[in-house]
């Protein structure tokens, strides 16, 4: 009983200062029920605390009166002081001051958010600008010129270059494709890997060189294919000002041909929107960089051999795979190059008539993922032509212009 009496005394003492405290009122009700109403009612708060409480309230009444009448400031150090101790006029004044302070605080908070947003936008603009500035390196070869940069293409790490191949070189490479390419090459023999409305033919650099060695295709055309891909690699390195070399990850000379009797009512793409080094989830607006994606790809490029077909435009989108940001119309000697990450989702619109041919390559900055066939092709070129890789240094007035890149999702 003694413990409950002390508990009630302490509870009532606490409630002198915070009479509306819910938990403490529940405690008082419990102790009273246990001890009994008759025994609990006479128990008072601790006497010395009651004296302190009453004296403190009287002092505060005087101090608040002085503040109200004579303007002598008083800041109450306690949170328990009852509102009625403060004169009504002073209460109203303090209420206005609190509301003003809250409004000013809110305005300052909003202003700080605006400043943070502006700083972030400026930082992004600076970062984007640094990319634009960084990616403006020389193209290395005469005759090639930048037609559209990242800004013109509404993105980052993007470029369109014209004059990479001459008309005769385009024709030679197109003839090489039609003579050497296999149906569904690179897609386990699937002749229509991306759409049933088009057939797909392709040939790798090594296969073309071997066919040239066997006399089945013109050897000079096979070497042109090899040489122009090397030139494109160097152009990409130089234009994007890369500090480490690019290595071939996959190389393919490909043609897509529209199937005439399968174009009516067609609504698909020649190649649906995708990202080269991650798995695009357009609904979630994310791109997951994990297998089976080719996560080691860093830069991609395509060199077009012709433009005498209908449809087949290359285009960039936002991560939603729907919002188109830029379009590139293929033509002989035109190349589009870009970084392979989530900043550059892209696709190919339906080829509705004719044949669309291009050299497609992907590059990696990681030598561990270099294309094995490329090493074999390098060795074969050395054997056939007695050339080292260093012999391919640019001599623009003597050598033909260059090409460009993607991989087994040929564009």
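Every residue, even glycine, has its Cβ placed from backbone N, Cα and C.
Taking TrEMBL as the reference, the stretch among 73-100, 101-128, 129-156, 157-184 described by the feature coiled coil is residues 101-128. Residues belonging to the domain 'Fe2OG dioxygenase' (251-365) score a mean pLDDT of 96 in the model.
Note on the domain 'Fe2OG dioxygenase' (251-365): DSSP counts are 3 helix, 56 strand, 56 coil.
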